[in-house]
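Each remark here refers to the structure printed beneath this line.
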Amino acid sequence: MAPSSKAEKKAAVDAAAWMFNVVTSVGIIIVNKALMGGYGFSFATTLTGLHFVTTTLMTLVLRMLGYVQPSHLPFSELLKFVFFANFSIVGMNVSLMWNSVGFYQIAKLSMIPVSCLLEVCLDKIRYSRDTKLSIGVVLLGVGVCTVTDVSVNTKGFVAAFIAVWSTSLQQYYVHYLQRKYSLSSFNLLGHTAPAQAGSLLLLGPVLDYWLTNKRVDRYAYDTPSVMFITLSCTIAVGTNLSQFICIGRFTAVSFQVLGHMKTILVLIMGFFFFGREGLNLHVVVGMIIAVVGMMWYGNASSKPGGKERWSHSLPTNKTESK
């Protein structure tokens, strides 16, 4: 196959993976908003546990069908990943409860520079001036869109700090494990989803009761709410898989930068579906700035020297497949 054909094929697969992540991520946000806002199902951590149960079932079916080959992930690496991933989920939920919406959004934006720092320190990545500036433009645009009231308290700051670092480490680790152990997205999910499902279903009801003072087993389940829970779990399979695919094909930083396109789409969809006020001039200007920054980042980071490793490649442990 000619180099140009390979490049075009890779670009097409990258675009498809990205669109898959955008569609499923925006879809699950809309469904969860309806579930929690319309039906009062406020048990976010338990719901996430159910998401990973569904994802585990998907990986088991694919393994039975032969689409997922046997692979190896050391138990110590699995423990570290689950530790970061669960702290990310719990930290984000607690941060949202203890902080103002404005500070919560600032915390989410700070994941980009933290992810950059991890890549610089751990992977010896070097960013060009244009790449750094484009990231700054994205941060500015999304900040204008989303940051309104900003108030900080000590416990909220601690929760946000834990959420930002654990989420950044979890996303970095997705890329790291796929490279080091030559794992596909399906294989990595097959290792991590069962562990996350079990731990979150044990932790979720306790944490949700602490956050909401409500018990998940006493929720008034009915046909519509169960249908929305089922739909949320079904879409979550695509969200979890597409996240692993995108981070594996790109990096955690690219996933964060381009991921703010989802933030913009959620704002627009929220305006149309939920009748929210707030799609005013400064929000539209912020959206435009963010999109320009994302386009600039895509162009700058793909150029020679835009984003490159200046040390030896990470050694890999090839997993044999039979």
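Every residue, even glycine, has its Cβ placed from backbone N, Cα and C.
Keep in mind that TrEMBL annotations are predicted by a computer and have not been checked by a curator.
The annotation compositional bias 'Polar residues' is assigned in TrEMBL to 313-322.
Annotation source TrEMBL lists domain 'Sugar phosphate transporter' at 23-297.
What TrEMBL records for 301-322 is region 'Disordered'.
The transmembrane segment annotation in TrEMBL covers 12-31 (among others).
Annotation comment: TrEMBL describes 43-66 (among others) as transmembrane segment.
Among the features that TrEMBL reports, transmembrane segment is placed at 78-96 (among others).
Residues 100-103, 105-106, 109, 112-113, 116, 127, 253, 257, 260, 263-264, 267, 282-283, 285-294, 296-297, 299-301 of the same chain lie 6+ residues outside the transmembrane segment (133-150) yet bring a C-beta within less than 8 angstroms of a C-beta in it. Summarising the annotation, TrEMBL assigns transmembrane segment to 133-150 (among others).
Taken from TrEMBL, the feature transmembrane segment applies to 156-174 (among others).
Positions annotated as transmembrane segment by TrEMBL: 186-206 (among others).
The transmembrane segment annotation in TrEMBL covers 226-245 (among others).
The transmembrane segment annotation in TrEMBL covers 257-275 (among others).
Within its own chain, the transmembrane segment (281-299) has Cβ neighbours under 8 Å at 130-131, 133-146, 254, 257-258, 260-261, 263-264, 267-268, counting only residues six or more beyond its boundaries. The annotation transmembrane segment is assigned in TrEMBL to 281-299 (among others).
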For the domain 'Sugar phosphate transporter' (23-297), what's the model's average pLDDT? 87
Most Cβ pairs under 8 Å to the transmembrane segment (43-66), of 12-31, 78-96, 186-206, goes to 186-206
